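Annotation comment: Swiss-Prot describes M1 as N-acetylmethionine. Annotated repeat 'WD 4' per Swiss-Prot: 200-238, in sequence order. The repeat 'WD 5' annotation in Swiss-Prot covers 247-285. Taken from Swiss-Prot, the feature repeat 'WD 7' covers 335-376. According to Swiss-Prot, the feature repeat 'WD 8' maps to 381-422. As annotated by Swiss-Prot, repeat 'WD 9' applies to 425-470. Per Swiss-Prot, the feature repeat 'WD 11' maps to 559-598. According to Swiss-Prot, the feature repeat 'WD 12' maps to 604-642. Taken from Swiss-Prot, the feature repeat 'WD 14' covers 739-785. Look at Swiss-Prot and you will find 848-893 tagged as repeat 'WD 15'. Annotation source Swiss-Prot lists repeat 'WD 16' at 901-946. Among the features that Swiss-Prot reports, repeat 'WD 17' is placed at 970-1012. Taken from Swiss-Prot, the feature repeat 'WD 18' covers 1036-1073.
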Amino acid sequence: MDALEDYVWPRATSELILLPVTGLECVGDRLLAGEGPDVLVYSLDFGGHLRMIKRVQNLLGHYLIHGFRVRPEPNGDLDLEAMVAVFGSKGLRVVKISWGQGHFWELWRSGLWNMSDWIWDARWLEGNIALALGHNSVVLYDPVVGCILQEVPCTDRCTLSSACLIGDAWKELTIVAGAVSNQLLVWYPATALADNKPVAPDRRISGHVGIIFSMSYLESKGLLATASEDRSVRIWKVGDLRVPGGRVQNIGHCFGHSARVWQVKLLENYLISAGEDCVCLVWSHEGEILQAFRGHQGRGIRAIAAHERQAWVITGGDDSGIRLWHLVGRGYRGLGVSALCFKSRSRPGTLKAVTLAGSWRLLAVTDTGALYLYDVEVKCWEQLLEDKHFQSYCLLEAAPGPEGFGLCAMANGEGRVKVVPINTPTAAVDQTLFPGKVHSLSWALRGYEELLLLASGPGGVVACLEISAAPSGKAIFVKERCRYLLPPSKQRWHTCSAFLPPGDFLVCGDRRGSVLLFPSRPGLLKDPGVGGKARAGAGAPVVGSGSSGGGNAFTGLGPVSTLPSLHGKQGVTSVTCHGGYVYTTGRDGAYYQLFVRDGQLQPVLRQKSCRGMNWLAGLRIVPDGSMVILGFHANEFVVWNPRSHEKLHIVNCGGGHRSWAFSDTEAAMAFAYLKDGDVMLYRALGGCTRPHVILREGLHGREITCVKRVGTITLGPEYGVPSFMQPDDLEPGSEGPDLTDIVITCSEDTTVCVLALPTTTGSAHALTAVCNHISSVRAVAVWGIGTPGGPQDPQPGLTAHVVSAGGRAEMHCFSIMVTPDPSTPSRLACHVMHLSSHRLDEYWDRQRNRHRMVKVDPETRYMSLAVCELDQPGLGPLVAAACSDGAVRLFLLQDSGRILQLLAETFHHKRCVLKVHSFTHEAPNQRRRLLLCSAATDGSLAFWDLTTMLDHDSTVLEPPVDPGLPYRLGTPSLTLQAHSCGINSLHTLPTREGHHLVASGSEDGSLHVFVLAVEMLQLEEAVGEAGLVPQLRVLEEYSVPCAHAAHVTGLKILSPSIMVSASIDQRLTFWRLGHGEPTFMNSTVFHVPDVADMDCWPVSPEFGHRCALGGQGLEVYNWYD
């Protein structure tokens, strides 16, 4: 036999799929979910954990699962065994399964039957299956024999957009077909006079003005619900559809979705709808919206299911997420908004301010200087005191804590501050702090040990008052501890404050958007053991001029650290310290994560809130350790969970330009505000939590544009990763080592996600998401991979620097550190620090004469990135970017990525550059040379010698004086016409002979492979190594014109003898190299549509290679050499 026949071909097997969830069905206490051709089985038993118990791979071949139909059992018991028909596209398969005692067994599986048309619906009929096909016909199928028993078409052979089969026997079978003419056609297949004889429709139902995507029939009440492209849901009174000639009445026309409605489901008491706007609505049968579930991202919710006994709704989205929600009557309910009826003849004056002391006591002050208390339990108002000094202008703030520590503070326009014990208001303490107006008040609490009140006066002076209580608890003591002085600004007062644990510093935010760090007491910085290395002179008394007109001068402690204008001109709204970090929010629509090192504030990460919520008002840490964001979205107050992307509470309050207060405990949440001269109160039980379950986290809401593997972490036995598979369910050879691959993905949804992919569980865990980009992210590059602690003290984990770029010519650099953490589901935690950013038009925004200049095209996109690591000590790497405006740009990273500057550029290609790739050439007795390859939409390749360019002009490594005029990159060392159209994939690999193997894939489906030689020539006018100039020459060149049927978007040379390519034709193909033209070895069909990128890497000798494919989803393959 020929030696090639004995070669073991690489056979790639799918180990993980993250695709849109297109099918859901509750069977007893189990949930079946369809994801591509795979079936996920979840246990919904309340006695155990809500978890996945099995993934059945490739059940439907190359078809996507769209639905499940369970055969009814005579005894109605589906808790032990079930016969399930799985269908999607043109495929159908029947499976008998057993799932008792938390295990899953597949008892029997039929063959995969391919229908001649699209399957819209399936229904069991006495052991057979009826199928509604795409051109308005019905097929009766025998699942045991695998043959068609009968096929009946309709006289209207139109294309259908949905269908619903009704009935339990062939004689009474009814089909409701949604035609592209926006009509519902009701007809009866059993009335056919002969086989294949068309049947005329019995009824035509009109009403929708768009295509009907889904329908649901409730037999007990004779109702039919339809969902349409016209963004509406209609409810029809149809009676018993199994009886011909019935009357149809439209009893409900429901508008609530802002986009197309994909799915609808009728329950006994509810109607569930879900659509393209990623919202699942719960309606009454009268058309009233009862609940709205928001949390999925992207292009919509594709599948819904309901568990009526447990009152659950399950949704599956385009983001690959699966969520479980509680219907009305289960879990926590909002108590709604109620007016507290303040207006009364016994309570004169107009309300000026309101605050909350805990979740059940409310304080309000009027323009007469009267302070009132409202007890939510007693539901009555009580006047605590009245002080004429606090007429007209009055600030009111309650002390933090579960019930406000029983204290509140008032301030007026004459510099007076009053601290009031709520239970004994006669023991209030007055102090005059300033000769002018008090601009703001805030409390700072350190556990139960220390309570401070900060008051801002004229000239940026902040008085710090120490509050303590007498042993009897009936009196309080107010003592001024020190004074701080804010940096100069137009509106010079603080807005919020918090203790930085362990309590040596105070973190404050001011009206100009700055975050400041102050010592919590005078003389603190004299102690060398506190605060680390503070700046010289920081915290020392400084002098500021007052604004009272008397020429008085105030002295105060200056900040030891300042982050000026961090949140823009609208100011900082809150400061929270948790887990060693400082979190700040502002009215710029962002929240920052900061930390203090050596007495200095340092930004870690900037995150955006949900779209449209530009006024962030606060941040809370909930009992499970996650955070929720408070803010205003137009005229609504919103409590938003950034992890689940869900709006937990929405209150239509009229906006944030009013007095309002928020308080939350584990038992309840309260939001009070002034509107129409009265106090309005919204309360919800359960605090800032929502009793819903995320069965599986979503990944990205839009297409994945780039996949990049960072490295591998080995977890010891103490960090064992839990597996949802039983040991006897694992596939042979899948028992790999306890390795976890860290992969970075970026997407058109403007986020960069860090994933953990264990080799043993076939699962994916999203560790964190970075949301700094303002447009789609197209490319990611990684450099500086290491371990925590560095080479001297290596620790378990992984560190790396990441550069991401995309639309609006925007680039960001950040570092990640992945460390073991047994408290998380993935047993890993990821810490992200944002280092720097760059936009091409930043310099233009700072130009005073910009009206005379031509602005850089704001639509420029970065298409690809490549990191070029220099061999010169002390210099950071270069980042090469392929740009849509025809340029190849080089950026210089300095100070470990904290400085990112444009260095050089070239417009050689004169058209959109799609790919850049860097590689090095190393030869004996010669210095290492850095080369760059770029590819454009005309199919040309250009090779640049970066080492020669840097040697000839040493000033190139210094950033240009004018950021708008970078250096020129020069002319390429070699140009090559490799393809007839755009090049979407590019890779190189050094050979043993000292050459380079270069491969490229094009939009025309072709591959181009050639061997590149780098020869060093001596210049006549130069001597030594500096006079050596590389000459690039092609030694061998081969092409495969029809390697794929569509764009080749992924390419990797695994070794000098094997190459793998991926294309939009959904084929992963292996090629043999080294024997002339690349020859076909093997091909595997993958399930990710519109694949945009691919990355392959070796894992271990036991596990072989892994390959990640990203597009409209993510799929991971592995194969053995």
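Backbone N, Cα and C atoms are what each Cβ position is placed from, and that goes for glycine too.
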Open item on the list: Based on DSSP, tally up the residues of the repeat 'WD 18' (1036-1073) by helix, strand and coil.
Closed with: 0 helix, 25 strand, 13 coil
Task: Dominant neighbour of the repeat 'WD 5' (247-285) in 200-238, 425-470, 604-642, 901-946, 1036-1073, by Cβ pairs under 8 Å - done: 200-238
Task: In contact by Cβ distance (the repeat 'WD 9' (425-470), the repeat 'WD 11' (559-598); 3 or more pairs under 8 Å) - done: no
- [ ] Give residue numbers and ranges for long-range contacts of the repeat 'WD 18' (1036-1073): same chain, 6 or more residues beyond its ends, CB-CB under 8 A.
- [x] 9-10, 12, 984-989, 991-992, 997, 999-1011, 1079-1096, 1105, 1107, 1109, 1111, 1117
- [ ] Give residue numbers and ranges for long-range contacts of the repeat 'WD 12' (604-642): same chain, 6 or more residues beyond its ends, CB-CB under 8 A.
- [x] 570, 573-574, 576, 578, 581, 583, 585-595, 648-656, 660, 662, 664, 666, 669, 671, 673, 682, 687-690, 770-772, 814, 832-834
Task: Same-chain residues at least 6 beyond the ends of the repeat 'WD 4' (200-238) whose Cβ lies under 8 Å from its Cβ atoms - done: 154-156, 161-164, 166, 176, 178-180, 182-188, 244-246, 248-268, 271, 273, 275, 283, 285, 287
TODO: Across the whole of the repeat 'WD 18' (1036-1073), what does the mean pLDDT come to? Round it, please.
DONE: 95
Open item on the list: As a quick check of your reading of DSSP, tell me how many residues in the repeat 'WD 9' (425-470) are helical, how many are strand and how many are coil.
Closed with: 6 helix, 27 strand, 13 coil
